[in-house]
Structures are given as structure tokens and as C-alpha cells.
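What Swiss-Prot says about this protein:
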SIGNAL    1-25  signal peptide
SITE      Tyr31  site 'Greasy slide, important in sugar transport'
SITE      Tyr66  site 'Greasy slide, important in sugar transport'
SITE      Trp99  site 'Greasy slide, important in sugar transport'
SITE      Tyr143  site 'Important in sugar transport'
SITE      Tyr250  site 'Greasy slide, important in sugar transport'
SITE      Trp370  site 'Greasy slide, important in sugar transport'
SITE      Trp433  site 'Greasy slide, important in sugar transport'
Amino acid sequence: MMTTLRKLPLALAIAAGVLTTQAMAVDFKGYARSGIGWTGSGGEQQCFKATGADSKYRLGNECETYAELKLGQEVWKEGDKSFYFDTNLAYSVSQRSDWEDVTPGFREVNVQGKNLIEWLPGANMWAGKRFYQRHDVHMIDFYYWDISGPGAGLENIDLGFGKLSAAVTRNSESGGSYGYLDNELDQRPTVNDTFDVRLAGLELNPGGTLELGLDYGRANAQDGYSLADGASKDGWLVTAEHTQSILTGYNKFVLQYATDSMTSQNNGRNQGSTIDNNGKMIRVLDHGAIDFNDQWAMMYVAMFQDIDRDNNNGSTWYTVGVRPMYKWTPIMSTLLEAGYDNVKSQRTGDRNGQYKVTLAQQWQAGNSIWSRPAIRVFATYAKWDEKWGYATSSDAEGNPGLKAGTAYNDTSMHTFSRGNDDEVTFGAQMEIWW
């Protein structure tokens, strides 16, 4: 009995050590931003985005608290084979008070298996909800290739000259499928699937690589239900991206072409089972970030996007912007962001334009333009001149001449745009990723 009692503390100590080691192996990653701001004419901070543009210049122009909290762990490993469990809980609130009710969203819940197929060394197998190989422009928070969602796939298959990835993901619409239930017309959500194939790591020149992608999206109505007449049932997206290393940074040049339902979000997610989005989209994009030396760094973007819809409800969007950074010390810097957006309506022929300039003093954890966490104080000036906008559901109620989601010119009776105005905002913000 005494021998058993002496062994018990030793067993408990070993178990505690094992549990502690496992707990320390949990990966905690994430992103967050939050702050406080005011508008020169009074009230809380306003944020500025050109009507018809898909994004806005974000420095000193974010009016919400947003966070992504990621927990993950390698739960099994044997040799070079392993399983990794990954999660991501995200939320967004308007940062107006201490307690703000919010329903968090599980953006990611997936398992990734590495080297599980003997004849495909280095390949990863995965299933679940996932941020899948997203491509974005950070300074305008613009995701131009993003099929994230529930799905499954096989990635990083080494072909010798490049790496092949294949996946299927899903992003469904709230309605769009019509049928009859008990002899009454019934509308149900429509499943939208995207089938994605990518070939990456193609070496074209010293320091330069090419990635090619093909995405096919389709609406998948359940048995006994069909899509609305004229709805966009499917579409394609073709992407070519060249990445060039420059000093300690990079430049990315992107060409994209989309058809029909893939012109709805223009990022690889198809949509349109409830609307007619048949047509085509062409995008030419160049963006990058470079740390030139210990004093200077810069982000930049220039893009042309043309959406030509069969229903004449497309648009042409130009945007160009820069964000130079001067580093006073390894942890203190000054940033100036200047951006211009111009959006022409295919239906009205008129343009909406906006200039936005932000000056920020920043303290960050390091001397790179990517160093975070950062605390910044900022002042923003925006000026816009708009002549058209999209009708809302409330606009269309009781007015048979208007259709929600359709572009219209401003008139003396109704204003759809923000008009012609300017504004100043100022405040403080923190931003972190880890």
C-alpha cells in the first residue's frame, strides 16, 4: 500500500507535465483593430467609401471594432505525417459603447492533414470551414481572390515545376430557389459551390513567380426547386498573378476575367440565383509593399475593373493610392495615405469620384511597414462628388419605377448618391496581428 502511495505523486507529476506540454502547444493567432474617432462637423467618426467601389482606403478610415481570434493545435504527429485542428472566431461591433451585443461567427473550423498520401509527399489534405489561400490588397482591405467557406481540398501537390491545389467551397444565398410546398409557392436558400484549381510557384524570372487559377461556380437548387427566370446560374473566373520580390518587399501584378455569376462578387464566389448578373468582368491590378531602408517604406495600389452586364447594371472602377512611411525611430513613424476612386455607372453613364487623405503618427513593434501591434493617432480629409447610386428596398417600396439594386441618377425628387461634399475626421486606433 505504501509503495502505491509513493508512486501516486510521481504519476500525477508526469501527467501534469504532459498536460502542460500539450497546453503550451496550442497556437494562438489572430487579428484585431479598435479605436475612437470624431467627425469635424460633429458626432462619431464617419468613414468614406465611393458609391459603387468595392473597397475604401483604410488608414484612418475604419469605424468599427473587428477581431479574429484563432486557436489551433497539431493534435497528432507520426514522422512527417500530422493532423492540425484550426479554428477562427470573428466578430465586429460599431465601437459606440462599453457593452455591445454581437453574434460571433465561426469563420474557420477545419482539420488539415499533412503528408497523408505516400505518393504525394508534401501535399496537404483538408476539410471544414477555412480561409483558403486568400489574395488581398491590405491598404484597401480588398480581397480579389477569396473562395473561403466550408469545403475540402488537396493542396501543394509538388509537380516539380510548380505546386497544384484543388478545392471545392460553398457560399449559399438566402433565397433564390423556387418550388411548391402544399400547393403554395415556396422560396428556399440556394447552394452556391465553387470548384477551384491553382498552379503556383512557377518560376519565370529571377525573384519572380507566377500563379494561375481557374474557378467555376454554379448554383445548385435542390430537387423540386428551380432558379428564377433570368438568374445567373453559373460562371467562371480566370486569374493570373505575377509576384516579384523587390528589396525586402514585393510587387504583384494581377489579371482576372470573370463571367456571369462570378461577376457578382468578383473574387471567386459565385452569386446570382436571385438576380440577373450575366455579363463579364475584367480586372487589371498592381500592388505592393516595399521597405526601402531604415527610414522609408511604402504601400501602393493601382487598379482598373470593368463589369459589363447584360442588364446594363455594371460599372467601371478606377482606383490609385499610396501610403509612404517615414521612420523616425525603430518604433515610431509617420504615415501619409492618399487614395482616389472613380466609378462610372454602365446604366447612367455618370461618375462618382472621391479623394481621401490621411496623416497618421504611429508607434509600432518594429521598423517594418508590416510591424504590428501599432497605436496611431490620425486625421483624415475626404472630398467626394457623386451623381448616381443604387436604389434600396425602401426606395423601391411603393414606387414601381424603381428596382432595388439598380443604378439611378440623382434627381430633384430623389437622391441615390452622397452628393457633393467633404469632411474631416480624427481619432486614435490600435491594430494588431500575431
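Cβ from N, Cα, C; glycine included.
What Swiss-Prot annotates, mapped onto the structure for a quick look.
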residue : record                                            : DSSP class
Tyr31   : site 'Greasy slide, important in sugar transport' : strand
Tyr66   : site 'Greasy slide, important in sugar transport' : strand
Trp99   : site 'Greasy slide, important in sugar transport' : coil
Tyr143  : site 'Important in sugar transport'               : strand
Tyr250  : site 'Greasy slide, important in sugar transport' : strand
Trp370  : site 'Greasy slide, important in sugar transport' : coil
Trp433  : site 'Greasy slide, important in sugar transport' : strand
Residues with Cβ closer than 8 Å to the Cβ of Trp99 (site 'Greasy slide, important in sugar transport'), same chain and 6+ apart in sequence?
none
Please report how many Å separate the Cα atom of Trp370 (site 'Greasy slide, important in sugar transport') from that of Trp433 (site 'Greasy slide, important in sugar transport'), as a whole number.
10
For Tyr31 (site 'Greasy slide, important in sugar transport'), the one of Tyr66, Tyr143, Tyr250, Trp433 that lies nearest, given that the recorded sites are compared by Cα:
Trp433
Going along the chain, which residues six or more apart from Trp433 (site 'Greasy slide, important in sugar transport') have their CB under 8 A from its CB?
Lys29, Gly30, Tyr31, Ala32, Arg372
For each of the recorded sites (Tyr66, Tyr143), count the other CB atoms lying within 10 A of its CB, then report the residue with the highest count.
Tyr143
What's the CA-CA gap between Tyr143 (site 'Important in sugar transport') and Tyr66 (site 'Greasy slide, important in sugar transport') in angstrom, rounded?
17
Tell me, how many other CB atoms lie within 10 A of the CB of Tyr31 (site 'Greasy slide, important in sugar transport'), whichever protein chain they belong to?
16
Could you give the Cα-Cα distance between Tyr250 (site 'Greasy slide, important in sugar transport') and Tyr66 (site 'Greasy slide, important in sugar transport'), in whole Å?
27
